[in-house]
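Enquirer: Mind looking over this structure? Questions follow.
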Amino acid sequence: MSMHFRNKAWIILAILCFSSLIHSTEAVVTYDHKALIINGQRRILISGSIHYPRSTPEMWPDLIKKAKEGGLDVIQTYVFWNGHEPSPGNYYFQDRYDLVKFTKLVHQAGLYLDLRIGPYVCAEWNFGGFPVWLKYVPGMVFRTDNEPFKIAMQKFTKKIVDMMKEEKLFETQGGPIILSQIENEYGPMQWEMGAAGKAYSKWTAEMALGLSTGVPWIMCKQEDAPYPIIDTCNGFYCEGFKPNSDNKPKLWTENWTGWFTEFGGAIPNRPVEDIAFSVARFIQNGGSFMNYYMYYGGTNFDRTAGVFIATSYDYDAPIDEYGLLREPKYSHLKELHKVIKLCEPALVSVDPTITSLGDKQEIHVFKSKTSCAAFLSNYDTSSAARVMFRGFPYDLPPWSVSILPDCKTEYYNTAKIRAPTILMKMIPTSTKFSWESYNEGSPSSNEAGTFVKDGLVEQISMTRDKTDYFWYFTDITIGSDESFLKTGDNPLLTIFSAGHALHVFVNGLLAGTSYGALSNSKLTFSQNIKLSVGINKLALLSTAVGLPNAGVHYETWNTGILGPVTLKGVNSGTWDMSKWKWSYKIGLRGEAMSLHTLAGSSAVKWWIKGFVVKKQPLTWYKSSFDTPRGNEPLALDMNTMGKGQVWVNGHNIGRHWPAYTARGNCGRCNYAGIYNEKKCLSHCGEPSQRWYHVPRSWLKPFGNLLVIFEEWGGDPSGISLVKRTAK
């Protein structure tokens with residue numbers, strides 16, 4: 001590239017960047033078939049998803065800064081209903097859920113915001129973002145032409161819009177919000193819902209438009225989105241997408257930069273060459289707004305993860321879970337954004353002229369009176385190609401696009417990575433933990449907090465998702481004449497559960513454990529159990545691992561033991577215990593005593609030093625530690641533990657489950673060719689998640705309280721505090 005062209009290019013880019021900052025005054029946001037129009041100017045916009053609750057407020061400024069430095073124009077986020085309205089009419093907009101603060105930080109950085117209100121979000125988030133209390137509103141049917149649902153949805157949507165209006169955060173008020181989204185990926189659900197789904201979709205659109213935000217509304221994966229709402233694309237590739245009207249621009253709301261990690265699954269990785277290829281193809285085919293989902297994934301703190309979703313929501317994003325740059329992904333995409341901006345005058349002025357050079361090569365040229373940009377594409381997955389353009393040869397690697405912002409100089413090729421690869425590693429700190437333990441144990445059926453019902457009950461209807469844990473108790477009375485007492489053929493206990501994990505205790509001892517998976521959260525426990533003459537105490541601890549975040553008829557989804565529960569091998573054959581009298585208890589003793597807090601943990605006696613138990617189920621552990629020096633992100637290495645939850649200074653850093661090892665086929669990864677979430681997997685046979693992020697803002701200089709609840713039984717002596725840093 002000539003020095004003259006490079007200098008000229010940087011001047012143009014600087015002018016474009018400066019113009020993007022000028023939106024602190026009131027502006028008009030419209031659109032035509034080419035692009036969004038802001039203050040009368042068509043824009044090519046690069047966006048990235050950063051979900052505010054998946055990091056801490058202290059992390060937000062740096063994440064937004066890195067997004068801007070990476071070449072983004074827009075930050076995109078969902079709005080998380082269950083975080084903002086934990087109980088009907090009681091709203092929460094503080095700490096990690098301070099949406100207004102997050103939006104203002106985006107504005108201060110000179111970026112726009114795409115506000116996806118939903119309020120259904122999916123997002124691998126607990127219950128898809130819906131508050132669980134919504135399920136128990138009389139007559140409730142989710143996401144269809146149902147009056148109770150529409151009333152609740154409209155109320156929350158209006159709450160968010162009114163709040164943002166009051167803070168003057170829409171672009172037309174001088175704020176950063178240039179787009180709002182209503183519903184989310186409803187198109188596939190609409191067909192399943194039939195006429196009621198169609199009516200609901202129409203109502204949703206009309207309701208949103210009636211809120212008068214002054215900026216365009218969008219609906220993703222909604223082919224029949226009515227005018228003026230823009231229908232948008234989600235997927236790994238969207239170059240072939242066309243909106244449902246020639247008067248609407250081509251917007252891509254989710255370009256998946258990787259994929260989520262599930263407990264029991266391998267870690268997905270999407271090569272940056274393929275991401276860049278997908279973006280270039282979208283732009284060369286007339287796309288004008290592209291959002292990376294995710295640009296920063298973050299962490300599913302607390303119990304916010306969807307069913308079987310790992311605590312880490314890293315997503316193989318350009319900024320990793322800890323807020324560090326993932327290289328070369330971040331820098332390679334940054335260079336792509338620079339060259340797209342250099343092409344912007346041509347891209348927004350004309351439609352492309354397309355020349356086919358065979359089955360697998362194409363040239364897209366955008367030529368106006370004052371500018372020219374060309375995209376040279378090679379779709380072959382195995383062979384490079386040399387193409388001639390305007391009398392000059394250009395060499396294109398397989399599965400790549402070269403971009404010429406002056407129709408002459410190759411500034412960028414999607415498969416030619418110039419940025420260095422920087423590998424991150426977890427380095428143990430000098431922190432030494434001195435552990436104390438407290439035995440949760442199996443409670444009795446007559447202790448405080450238990451209640452009795454005939455037959456089995458659904459778990460979430462009792463817990464209302466305030467805890468992962470729900471106990472089922474019953475007595476099994478064995479007569480002295482039972483034949484198995486003499487033969488030693490212990491009877492077979494079989495339990496069918498809607499999920500997600502189950503611990504079976506017989507007379508206070510763990511008899512076995514069973515658990516499901518994301519692909520099938522239901523489980524069956526079937527095991528011979530040892531019973532004695534007289535009354536035998538059966539205690540079943542049912543454990544939820546998040547609630548489903550996708551699908552239809554949320555009001556029908558169940559968790560816990562619904563039966564049948566049978567005992568086979570008694571004299572009379574098989575006992576169906578499902579309709580017996582059962583006792584129930586919500587949550588754990590340790591939860592009721594708030595053992596995860598300083599006050600709660602100080603109120604009970606803990607076993608110390610040589611008396612600390614290991615490999616024992618239902619055990620609480622605590623220790624204290626000082627914050628290591630430096631500013632590197634911190635994490636807990638939980639490799640020697642089984643399953644449970646972790647708290648630091650009262651903050652729940654999420655569910656841990658390192659004992660659930662990753663299945664899948666991990667092999668060589670070739671960037672070329674169509675990507676899907678099962679391609680380019682890593683860490684097969686290892687824990688799906690070993691390290692758990694501990695935000696530094698949650699720590700004190702000295703005396704931090706670390707509390708762990710361990711369900712399965714682990715060895716806390718193997719836990720270490722590590723720093724994440726570059727090799």
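Placed from the backbone N, Cα and C atoms, the Cβ positions cover glycine too.
Per Swiss-Prot, the features are:
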SIGNAL    1-27  signal peptide
ACT_SITE  E185  active site, proton donor
ACT_SITE  E254  active site, nucleophile
CARBOHYD  N255  N-linked glycosylation site
Enquirer: Compute the C-alpha separation of N255 (N-linked glycosylation site) from E185 (active site, proton donor), stating it in Å without decimals.
Expert: 14
Enquirer: Tell me, by DSSP, whether N255 (N-linked glycosylation site) is helix, strand or coil?
Expert: strand
Enquirer: Given a separation of at least six residues and a C-beta threshold under 8 Å, show me what packs close to E254 (active site, nucleophile) in the same chain.
Expert: S49, C220, C233, N234, G235, N291, Y293
Enquirer: Tell me the Cβ neighbour count for N255 (N-linked glycosylation site), meaning other Cβ atoms within 10 Å of its Cβ, over all protein chains shown.
Expert: 26
Enquirer: So what sits near E185 (active site, proton donor) in its own chain, CB-to-CB under 8 Å and at least six residues off in sequence?
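Expert: Same-chain residues close to E185 (active site, proton donor) (Cβ under 8 Å, separated by 6 or more) are C122, C220, K221, Q222, N234.
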